[in-house]
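Trainee: Take this structure first; my questions come after.
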Amino acid sequence: MNENLSVFAVFSLLSVLAVGGGAAVLPETKELVVGSYHWLSDDQFRDIYGLGQVVPGPNMLMVIVIGYHVTGFTGALLAFLGFFLPAGAISWAASRVWDHFEGSPWRRSLQQGLAPLVVGLMAAGTISIARTAIDGTLTILIAIGVFAGVYFMKKVNPAILVLGGGLVGLVLLSGTGAGMPPG
Amino acid sequence: MTSPIPPGTGSADAPAPYAVPRDVPLWSIFLTFLFIGAISFGGGVVAYLRSSLVLQKRWLDEEHFLSALGIAQALPGLNATNMSIIVGDRLRGVAGAIVAFAGMTLPGGTMVLVLGVLYAANAHNPYVNAALVGVGAAAVGMLSAVTLQIGRRQLGEIVNVTIIVVTVLMVSFLHISLVWVLLTVGPVAVFLFRPKKGDAPVERGPGGVS
């Protein structure tokens, strides 16, 4: 199949599966992009996910970079449209009929039932990134430090903590060949 | 399935219903969402949206904001982009939805593409790789903190904990495709929280994650 078409198809599928947001669809994104299609290596996926963390807005905008790696700027555009158009169209349509169900007790059931499912998917997303990102004492310490910073110091911009993690990596790891592609 | 409180009606002495502004210019919608898209770091988009749309611009009241958020969360897609589409649509129809979405994604999308092109050109640079190892580890810390912040409220209830554990087992350890997880766990979870006879009248707004 044409690579551009695959990019659009994969990200459209992920778009409609992204119930509960970006972190919820993260394990499936990695499974498809790294496992099924071999567009990226484990390490590249971790790096690109990291890029998504340091820019503003939704961090799943990193799908643009995945598309770019497959077929250049066309892939970037197709990944963006694929990931955002289907879900966007569904939201747009649903918000117009949603008020119809105002007061339906099933609305609350839907929200209450989906809440723990979304939390489970977010935890699975964390595990999926941790499997490649956590490798040795220093990465464990960085993760614990950022966890504490985000969890306990709500006033601090999380992006600064993530950039801080990058700085620590740069200073302490750049002589070690960490994160380098094999070979 | 009749509502005890028909929408749009209120008693005579209640405050006047919040009128949706009719004359919000498209450029103003675009710039507002562009600003949110440019300053919202680290997944806190909902907080930025509320402060901008409800408190500063007063385009939505608290109740409409929560109702839009409920829709954005129950449906596929990211909260930030779903919210921009829903709010843009309420303000100025399809054109409003498009400019709000464009504003929300333009700053981050442009920046991540620039970083991605630089990354592709420097894939073998040891400094870039070392820094990205640090960023990746930091991302794990941030993701766990956000997951715990959102999930904390659910850890007291055995039903919620069971759903969380089953979902993690299926996705992370049995590697079952997300389609099947959503199609099996989803309906069961909603059924477990099915409406019961004698429930209090439904409150408006989401009872779920925030």
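Here the Cβ of each residue, glycine as well, is placed from N, Cα and C on the backbone.
Keep in mind that TrEMBL annotations are predicted by a computer and have not been checked by a curator.
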Trainee: For the transmembrane segment entry in TrEMBL, name the matching range from A:23-40, A:113-130.
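Mentor: Going through A:23-40, A:113-130 one by one, TrEMBL flags A:113-130 as transmembrane segment.
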Trainee: What else in the chain is close to the transmembrane segment (A:113-130), if you only count residues 6 or more beyond its ends and a Cβ gap under 8 Å?
Mentor: 19-21, 23-27, 30, 46, 49, 143
